[in-house]
Amino acid sequence: MKALSKLKAEEGIWMTDVPEPEVGHNDLLIKIRKTAICGTDVHIYNWDEWSQKTIPVPMVVGHEYVGEVVGIGQEVKGFNIGDRVSGEGHITCGHCRNCRGGRTHLCRNTTGVGVNRPGCFAEYLVIPAFNAFKIPDNISDDLASIFDPFGNAVHTALSFDLVGEDVLVSGAGPIGVMAAAVAKHVGARHVVITDVNEYRLELARKMGVTRAVNVAKESLTDVMAELGMTEGFDVGLEMSGAPPAFRTMLDTMNHGGRIAMLGIPPADMSIDWTKVIFKGLFIKGIYGREMFETWYKMAALIQSGLDLSPIITHRFSIDDFQKGFDAMRSGQSGKVILSWD
């Protein structure tokens, strides 16, 4: 079958031919319809330090997808041939304390689809049936293919009660923009997003944020004054991994504020911890999606009217995958969809 693989320990992704995966007793075989390119896939393409330490070569990459069930393991119940599914990209062990306690998103033995095991940038994918999620009929293939990153946004945004709160989102990448849209949709008062990439800030404006602030041109404190905010932000969603953005967030949080961190900062990032202590801030790390509460919330948000369509900016045939990666690497894109049909 056709697949996009990391074949060499150097920059690039290559189209290749690999054997179709075998279906285990507890697995589903999924015929891929559409996939989306993640920032992780770009890291793998660039062959950065993280990729060199993490990715075995060769490896079929990709973990954002929608497809159709075409094979079912003999022990699997609850799925039928023809079901349209996406799936959780974190494969968990099922036997550690967190897994047994219903906190599978915190499994210490997690392996990643397209990172530690073959991914979805292929004509067929095998995953445990436990990880598959049926897509409601009124959700499009395009939207279903971005459920994985949308789940990161939902998990981060819904970590805290947002109704009536003032929310700061730092980082207007696709996940940050979707998190801001979720916050606005569920009843936050002011949702302010910051970045220095004007293209992506414009995407955030299309998604309905209160203010999209280019911090290279505009002061966040001036924007807060313009909005009549006198006590700081109640909730911070840190999506950038950029130390200056996180320091600004700490400066502008209200006392007792709550921060959810999805962005991955440098290991040696320094902050003024007195602001965390004396403001009584609560900081929560976010990894992946809650299984599977986040997935049900994702579907419900879209079915209740949340419009994510502006975040999908580019669509290509899989044969034009290089154009898709070029768009992602340019920084002038939202989500990029690759069609396998």
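A Cβ is built for glycine as well, from the same backbone N, Cα and C atoms used for every other residue.
Listed in Swiss-Prot for this protein:
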ACT_SITE  Thr40  active site, charge relay system
ACT_SITE  His43  active site, charge relay system
BINDING   Cys38, His63, Glu64  Zn(2+) 1 binding site
BINDING   Cys93, Cys96, Cys99, Cys107  Zn(2+) 2 binding site
BINDING   Ile175, Asp195, Arg200, Leu262, Gly263, Ile264, Ile286, Tyr287  NAD(+) binding site
Notebook entry, point to check: Hey, of the binding-site residues listed (Cys38, Cys96, Cys107, Ile175, Leu262), which one tops the CB count within 10 A?
Noted result: Ile175
Margin query: With an 8 Å cut-off on Cβ distance to the Cys38, His63, Glu64 Cβ center, who else from the chain surrounds the Zn(2+) 1 site?
Written below: Thr35, Ala36, Ile37, Thr40, Asp41, Gly62, Tyr65, Gly89, Val113, Gly114, Gly119, Cys120, Asp148, Pro149
Item checked: Cα-Cα distance maximum in Å, computed over every pair in Ile175, Asp195, Arg200, Leu262, Gly263, Ile264, Ile286, Tyr287 that the record assigns to NAD(+) -> 23
Next item on the list: Consider the binding-site residues His63, Cys93, Cys99, Cys107 and say which one has the Cα lying nearest the Cα of Arg200 (NAD(+) binding site).
Entry: His63
Item checked: Top Cα neighbour of Cys38 (Zn(2+) 1 binding site) in the set of binding-site residues Cys93, Cys107, Gly263 -> Gly263
Margin query: Taking every protein chain in this structure into account, which of the recorded positions His43, His63 has the most other Cβ atoms within 10 Å of its Cβ?
Written below: His63
Item checked: Cα-nearest neighbour of Ile264 (NAD(+) binding site) within the listed recorded positions, His43, His63, Cys93 -> His43
Checklist line | Fewest other C-beta atoms within 10 angstroms, as judged across Cys93, Ile286, which are the binding-site residues | finding: Cys93
Margin query: I need the nearest neighbour of Asp195 (NAD(+) binding site) among the recorded positions His43, Glu64, Cys93, using C-alpha distances.
Written below: His43
Check: Can you tell me how far the Cα of Cys107 (Zn(2+) 2 binding site) sits from the Cα of Tyr287 (NAD(+) binding site), in Å?
Finding: 11
Margin query: Quick check for you: of the binding-site residues His63, Ile175, Leu262, which have their Cα within 10 Å of the Cα of Thr40 (active site, charge relay system)?
Written below: His63
Next item on the list: Calculate the distance in Å between the alpha carbons (Cα) of His43 (active site, charge relay system) and His63 (Zn(2+) 1 binding site), and round it to a whole number.
Entry: 13
Check: If you count the other Cβ atoms within 10 Å of each Cβ, which of the binding-site residues Glu64, Asp195 comes out on top?
Finding: Glu64
